[in-house]
């Protein structure tokens, strides 16, 4: 941006706070110190259950309380490497807006689910798992189900709907996954996975990395979702089983950081200013993900080694756009950027074959970064299609990009 453009834009902005250095004031620095204390699942869900589908498969599910009025089941499918807890804040928001019940599932190889063959992450296998789970949960009469999936979970949601495993499926929302951009991103996926730390010293340490690396931009979401993505290296159990943490562990974690600069913040949080503030931006340091840093304490590691699932990646996303457009149910697509739309979906969107919504200023984990806005968009869509009734004073707004 040229100096002239900056001058023109600044002239249209309200006056700045006197001093001009609020971004680096001591009081502001203190406010940047965050509490990375992990949150428990029961702050967001009414119950959890380990559902035994057969002798080879057991799936962990989390449910919100039943609605006061009849409403659909929101079946929520997480992305690769995440867990059902990624939907925690979204569930709290959406159940306050409409009458519905959320059903969150730890997919095969993720979270607290246990199956004989955790390495089989093919689209057909994951979809069949969901179909069999629904049949097990509702053996007599399957209620109306609306499926929502993020990233890999969005692709599985499309495959699941395409296979017509549940006759009472009424609609689908896919969050930030498009065939064209996903296939292009696969080439750099292994490099991205190698760039992540292999171990964490503590759960708060992992939450801090999650925020500062930009994987999730909402610290409150990271506090509940990150423990569902890592396991204790000693017990080999999910980190959620270690909660709540003793005070001495929290105190130690508060003084231990993966980051050399306690006040360093992610690039997404930096404000693009000029002058004195711009000169100080050189203090920003990226998260320490070197071998020396990760070897310091190997207490927790990732629940799933996503690199080993590479052979299934193409199967998740190949033909996804056509399958999505050909579904004969109401369809919604939520994106973090309009640039993520491929040619097939661009044509379909212009033909009015699905509703699209773009939520700006958020990362790939759209539902974690902006749970309230995502809940508003999905709630409004369900109300307009008469799948659910509004709860409380929620007002349905017309969609917009």
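For all residues, glycine too, the Cβ spot is worked out from N, Cα and C.
Unlike curated records, TrEMBL annotations are generated automatically.
The active site annotation in TrEMBL covers 151, 176, 364. Taken from TrEMBL, the feature domain 'AB hydrolase-1' applies to 74-377.
Taking only the Cα positions, the spacing between residue 151 (active site) and residue 176 (active site) is 6 angstrom.
The Cβ of residue 364 (active site) lies under 8 Å from the Cβ of 151, 176, 336, each on the same chain and at least six residues away in sequence. The average per-residue pLDDT of the prediction over the domain 'AB hydrolase-1' (74-377) is 89, rounded to a whole number.
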